[in-house]
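Reading through the structure tokens given below for one structure.
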Amino acid sequence: MMVGCENSKKSDSGSNEDKSLSDDIINLDQGDPTAFQEYWMKKKDRCTVVIPAWDLMSYFSDTKNVCWFLEPELEKAIKALHGAIGNAATEERYIVVGTGSSQLCQAALFALSSLSEVKPVSIVAAVPYYSTYVEEASYLQSTLYKWEGDARTFDKKGPYIELVTSPNNPDGIMREPVVNRREGGKVIHDLAYYWPHYTPITRRQDHDLMLFTFSKITGHAGSRIGWALVKDIEVAKKMVHYLTINSIGVSKESQTRATTILNELTKTCRTQSESFFEYGYEKMKSRWERLREVVESGDAFTLPNYPQDFCNFFGKTLSTSPAFAWLGYKEERDLGSLLKEKKVLTRGGDRCGCNKRYVRVSMLSRDDDFDVSLQRLATIKDLKCVEP
């Protein structure tokens, strides 16, 4: 089977031809969002940031703000972008900036659990869940909270916090809370992928605590910027306290870069020829079509099917093209180990609370890595091709 290649410039990881003939390992375990690099190369004159040596020297940005290290211009840019896309309410909310959404998730766990009268607070998420949640809830062995696993089977009495990722990482499904009681429960809505290049924007999310990350919108993971939209001032204050102890704020250089790029997104989002979201949607759609072509050409793998829905941002019915593929194997076998033999690294389903015959595959790699991963996947035509 021939697997087509997307048009792309040679990246710093080498050419498509060289890599396909080599023994290079393709790492699709990490969600390193380098897929959009080509778009930003064309924006170098409009998105380059120059910072004088004397600027941004203070710890403080706005001492009157609950989040005193949040740059005022970044706050404006965040509100403007959410307003333009229509994916989240920002009115009557406090914006807390963090070093990526992972730090903010930990800050939110601290804030919500420390405000609880009963401790430790149970932390749950529905299977398959984002694997890092387990690490974030368990690493410090905190007395404030404790990881309790699958939200669907959770029946423990007492306070709890449910982590809801929508669209879900790893399977791309839109999610709502599943714990069958509300007494003593709090919810953290992780909306990192609720953007129109991944999924139709069907409504404006309006929750008490919502997390977003710069990296998964634009691909600028190296800037380490995320933000939380928080309704309760006491929760916001607790989160800021955690961030103050943890890192004494967030890099102003990163905030300045994020401000420039978010403003560019807002400015061009309705211009089809320049819109990042148009570009991102077409790229993700193409990648998913090519992956499905490979999967459907054989009898070894499975992928989730996603319903089409009307996107309020694009004004038309669209398909879903998640940032990760939840790839399944039709027999009970460790799919991660099988793909590793093909020199493709993925995240095993057991890390997401599921069976090892599932893996999470990043759809956000550079073009050449994605192309070669499809070529290697295509060599596994059916179950008979694989030695037991």
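Keep in mind that glycine also has a Cβ here, set from the backbone N, Cα and C atoms.
Between the candidates ASN27, ASN169, ASN246, Swiss-Prot assigns the pyridoxal 5'-phosphate site shared with TYR59, SER101, SER102, ASP190, LEU191, ALA192, TYR193, THR213, PHE214, SER215, LYS216, ARG224 to ASN169.
Between the recorded positions LYS216, ARG224, the minimum number of other C-beta atoms within 10 Å of a residue's C-beta occurs at ARG224. The C-beta environment of THR213 (pyridoxal 5'-phosphate binding site), restricted to residues of the same chain at least 6 apart in sequence and closer than 8 Å, consists of GLY100, SER101, ALA192, ILE225, GLY226. Within the same chain, residues at least six positions away from TYR59 (pyridoxal 5'-phosphate binding site) with a Cβ under 8 Å of its Cβ are PHE69, ILE248, GLY249. Taken residue by residue with DSSP, ARG224 (pyridoxal 5'-phosphate binding site) is part of neither helix nor strand, so it is coil. Sequence-distant neighbours of SER215 (pyridoxal 5'-phosphate binding site) (same chain, six or more apart, CB under 8 Å from its CB) are PRO33, GLY100, ALA221, SER223, ARG224, ILE225, GLY226, listed in sequence order. SER102 (pyridoxal 5'-phosphate binding site) sits 12 Å from LYS216 (N6-(pyridoxal phosphate)lysine), taking the CA atoms of both as reference points. In this entry, TYR59, SER101, SER102, ASN169, ASP190, LEU191, ALA192, TYR193, THR213, PHE214, SER215, LYS216, ARG224 make up the residues listed for pyridoxal 5'-phosphate, with the farthest two CA atoms of the set 34 Å from each other.
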